[in-house]
Ligand SMILES: Nc1nc2c(ncn2[C@@H]2O[C@H](COP(=O)(O)OP(=O)(O)OP(=O)(O)O)[C@@H](O)[C@H]2O)c(=O)[nH]1
Ligand SMILES: [Mg+2]
């Protein structure tokens, strides 16, 4: 199914076009993902091959960063835009990321490995939303492999921005030896510099790396925020309990808008500077260790969340039907198994209009991800029918 591209809202876009054969392709050559699944099998041999003539082993540096935060804080968007490549699926709904994924980015002699994680949730939320067990184990897996924790905190939500969520604090407490940075995301939604300053002071307890630091807020926000100061008295923080939902051991604080790209360069440079001298774990042209089939399915799930109301997309099962690469073009199809006929009709929409929109959106995401032409379809089936077919 091929339709004209529209509604593309990401901050960095490759030049995606549809050719006369109905295949999407990139005009600009993008950094390609390794599509060959067998690549992993001869990893050692391949690694040495890749490093030869590229960057001397002795000069290589790397840093593993676990990106954690509550659902919908913008973790995946942040990673995609800091590395300028759509590797992590994103959506406007919570629980888009379901397990820990790596996004690998190599620049000069440095390799940054970002661990995207599912939003931190309590056991109560896991039970309520019937979330997989991986929700709890994923972030631990990520942190255990990390050299640094990046806490993404959404400042656009006036109800939750005043405190770090208890799940975030618990995670930081569980790994006190790891350096951590606080990244205040969605600053495009903040109008007042006063609130920004206050937030930084409150969330860090006015303390960096355990030491009182009176100029934390000033130093950061005067650089970053060009907005007019709001001089009205701000009572937002007045009734907060001291030290509740705060962390005094962040090494640094950053203000970013992952959507507009504001502030991302500073974080990028900070990570590159913090990288440790050691051999890269991955070849420089690799962007993820996820198999392409899984990336495609995750991308479909994410867009189903965007296009379908309430809980419906969470109850859908998605499978890869086929995946093939021929003449450097990807051919793939995903099947969506719907719990009822009614839900299937909802996904397809009138004259298959909604399904076309979803397919179009996923296709453009996938072209960005793989940097290759793609021929892509989505099919739907009601659950009972697909079970019958299996018997
Ligand atoms: N206004 C604004 N919106 C943002 C920003 N960063 C992310 N978003 C939006 O926030 C929503 C959630 O983004 P995701 O990157 O999927 O968030 P996440 O933390 O990975 O979410 P989960 O995987 O569900 O835990 C999307 O609608 C993004 O477009 C930002 O800097 N500004
Ligand atoms: Mg995510």
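Every residue, even glycine, has its Cβ placed from backbone N, Cα and C.
Because the structure is a prediction, the values reported are computed rather than measured.
It is 95-99, from the ranges 85-89, 90-94, 95-99, 100-104, that TrEMBL records as region 'G2'.
TrEMBL tags one of the stretches 108-111, 112-115, 116-119, 120-123 as region 'G3', and that stretch is 116-119. TrEMBL lists region 'G1' at one of the ranges 61-68, 69-76, 77-84, 125-132, namely 69-76. TrEMBL tags one of the stretches 177-180, 181-184, 185-188 as region 'G4', and that stretch is 185-188.
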